[in-house]
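Structure first, then comments.
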Amino acid sequence: MEQQQGAEDVPVIYLHEIKRQYLQGEVPLTILDGAKLALWAGQSVALVAPSGSGKSTLLHIAGLLEAPDSGEVYVNGAPTSQLPDIERTQLRRTDIGFVYQSHRLLPEFSALENVMLPQMIRGLKKSESVKRAKEILGYLGLGDRITHRPAELSGGEQQRVAIARAVANAPRVLFADEPTGNLDPHTADHVFQALMQLVKATRVSMLIATHNMELAGRMDRRVSLSDGQVVELE
């Protein structure tokens with residue numbers, strides 16, 4: 001399965017001294033305080049931390065969806081803080097994929113059309129988008145469900161379509177925020193297995209926020225957040 005290639009002597013994503021505060025009423029609340037994290041090509045990393053610790057904020061900043069108050073996000077070794085919005089958007093479309101706890105599929109579109117959409121936005125021909133969408137959905141065991149709309153799919157199938165959509169543009173890194181959080185344990189296990197198989201097949205890097213220590217234990221590294229900083233777990 002096609003996957004973008006790049007230099008492997010620098011991290012795909014590197015967070016350097018990331019700081020982020022929010023206002024709680026009129027009181028500033030520090031979420032991230034000098035956080036550092038390197039994510040290497042083909043590496044899967046679990047971010048395990050309590051609710052409210054800043055997991056989603058870290059993922060959003062790493063994925064260029066949110067700007068830090070200070071610090072720098074490097075993508076493929078290049079700083080991104082001074083990029084124009086249009087270039088940041090283009091970088092998200094080409095190098096970064098997202099999977100959320102809620103699948104966020106477009107209800108009026110079929111599974112195939114949902115996976116085609118990011119490719120069409122990027123400018124790929126329809127025939128190429130159809131071919132790649134079918135390939136990914138087939139790899140995830142959904143080859144016979146491509147014409148079904150989200151409401152006609154089970155929860156696990158919906159999330160697998162969301163995963164297929166996230167990797168449709170062959171990103172270099174995938175961010176997943178509690179991707180199995182809404183699923184029962186059996187379905188969550190199947191979805192997670194499919195996700196890990198796809199990650200290994202494409203050598204995409206992945207940072208996944210999860211409460212599930214058993215699933216986190218299957219990944220290459222485990223990190224947490226403590227006092228606004230990233231710490232490695234055994």
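Cβ from N, Cα, C; glycine included.
As written in Swiss-Prot, here are the features:
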type	residues	note
BINDING	ALA49, PRO50, SER51, GLY52, SER53, GLY54, LYS55, SER56	ATP binding site
DOMAIN	13-233	domain 'ABC transporter'
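Sequence features annotated in Swiss-Prot and their locations in the structure.
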| residue | record | contacts (Cβ under 8 Å, 6+ apart) |
| --- | --- | --- |
| ALA49 | ATP binding site | LYS55, ALA209, SER224, LEU225 |
| PRO50 | ATP binding site | none |
| SER51 | ATP binding site | none |
| GLY52 | ATP binding site | none |
| SER53 | ATP binding site | SER224, LEU225 |
| GLY54 | ATP binding site | ARG20, ILE31, LEU32, ALA35, LEU225, GLY228 |
| SER56 | ATP binding site | ASP177, ALA209 |
ATP site, defined by ALA49, PRO50, SER51, GLY52, SER53, GLY54, LYS55, SER56: further same-chain residues with Cβ within 8 Å of the Cβ centre: ALA209, LEU225
Cβ packing number for LYS55 (ATP binding site), 10 Å threshold: 23
